[in-house]
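The compositional bias 'Pro residues' annotation in Swiss-Prot covers 1-11. Taken from Swiss-Prot, the feature domain 'F-box' applies to 25-71, supported by sequence analysis. Residues or ranges marked as region 'Disordered' by Swiss-Prot: 1-21. Marked as repeat 'Kelch 1' by Swiss-Prot on the basis of sequence analysis: 229-277. Per Swiss-Prot, the feature repeat 'Kelch 2' maps to 284-339; the stated evidence is sequence analysis. What Swiss-Prot records for 350-397 is repeat 'Kelch 3'. The transmembrane segment feature in Swiss-Prot is assigned to 72-92, 112-132.
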Amino acid sequence: MMNPRRLPPLPSSTSSASAADDMDPRVWRRLPQPLVDRILACLPTPSFLRLRAACRRFYHLLFSSPFLHSHLLLSPHLPFFAFVVPAAGHLLLLDPTATASWSRLPLPLPPVAGGPAAFSPAAASAGLLAFLSDASGHKTLLLANPITRLLAALPISPTPRLSPTVGLAAGPTSIIAVVAGDDLVSPFAVKNISADTFVADAASVPPSGFWAPSSLLPRLSSLDPRAGMAFASGRFYCMSSSPFAVLVFDVAENVWSKVQPPMRRFLRSPALVELGGGREGAARVALVSAVEKSRLSVPRSVRLWTLRGGGGGGGGGAWTEVARMPPEVHAQFAAAEGGRGFECAAHGDYVVLAPRGPVAQAPTSALVFDSRRDEWRWAPPCPYVVVAHHGGAGAAGFRVFAYEPRLATPAIGLLDATAPVALHGMHDG
C-alpha cells in the first residue's frame, strides 16, 4: 500500500486564487453521492490524484469502471510533455501552459539487473508510452500507463530489425502500432525495406489484435528512429533523409507514399508532429525544422509548416508556413542547441523544442511555442537535471513526447496486460 504523504501536489495550471477557496463541508456532506462522483470525474488527473487521499471511498473510485469511464469522458485535456531519459527511471513532465512547471513520474518498466535498460522510449499516444526492446531481432513493444503502472506487450514483431522507427495511435478501444525500417537482411547488414503494422480493436476478430501483412517502404528510404512518427486522419507520417522526404503510410490501404517537404535542401533536424487535435478537432501534420541557407536573403531560423491534402498516392499535399521563430529567440535557441540538433513534440496548440545535450542528462532548457497565441517563451529550468545518475546507459539521450496523464487507458486491456503493481502520483519534489 502506498503512502499518500509521499505524493506532493503537482503544480496546478489554474489560478492561485481558486486554490485559496475552501470547500464548505456542510455543503459537501449534503450532496448526493452520484453528484459528488460526477464532480470528481470532471477533475484533471493530477487534481484527483491529490484528492484521493481525502477518504477511502475516493481512493476506491480508482478501481470503479463506471467512474473511470466518466473521468475519461469528462476530465479536461492536459497538453503535457513527457521527457524520457532511458537510464533515469522516471519521466519528467512539462506543463507548457502560461504557468509552466515541471513534475516527476516514475517509469513502470521492469528492472534489468546488472545492465542497461532493455527497452528504450519509442512513441506515445492517448496516455500510453511505448518502449521498444533494444536487442536486435524480432522486437517486443511494451505499452505502459505510467499513472496506473499497467504494462502490456504486443506480440513479437514478425520481421527481425535492428533500430526501427515506431509509430503509435491509440484510442479508447483501439491500438495501431507501426514498426518500420532497419530490416535485418543478415546478421551484419540492415536495409530499409518494410514495415509491420499491429492492429487491435474491440470490434475486430480477434479483439486482442494481429500483425497485418508487411508493407513495402518507398525506395531509397532512410529512417531515423529518433524522429518518430506523427499520426493524422488514418495515416502515419515520418521523415526520410538523404535527401529529405516525408513518408506517408495509409493504414487502411497498407501502402506507403512520399510527400516532398518544403525547402528540403536547407532543412536541419526536421521533425514531424501532430498539431491541434484532441477533443477540439482533427490533428494536422506539421513539420518543424531549422532552416540554414547560405544566401543572406534567407536568414537562419526555425520554421513550422502544416500539411494540407497530404494523402497517399502521387505525393500530393501543400505545405503552408504558419510560424517562424523570431530572430532574438532564435539567437538564444541556436546558442543553447550548439549544432547538436533538438528534440521536438507537439500537443494540442503547443510545440516544445528541447536542445539535445549530454547523453545521460535531462534537458537543460525547453522552448515552448503557443500556436494559438503565436507566442514563443522559455520554460523554467528543469529542476531534475542532476537526477539522471544511473551511468551512461541509454546512449540515445532523452526523448520528448506529447503525453496526457490518464487514469483510464482502456485500449491497453485489448492486450495481455499485467496487473497494476501500485498507483503512482506525480512528484514535484
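Glycine is treated like the rest: Cβ placed from N, Cα and C.
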Q: Just give the helix, strand and coil counts over the repeat 'Kelch 1' (229-277), going by DSSP.
A: 3 helix, 30 strand, 16 coil
Q.
Please list the DSSP helix, strand and coil residue counts for the repeat 'Kelch 2' (284-339).
A. 11 helix, 23 strand, 22 coil
Q. Between 0 and 100, where does the mean pLDDT of the repeat 'Kelch 3' (350-397) sit?
A. 75
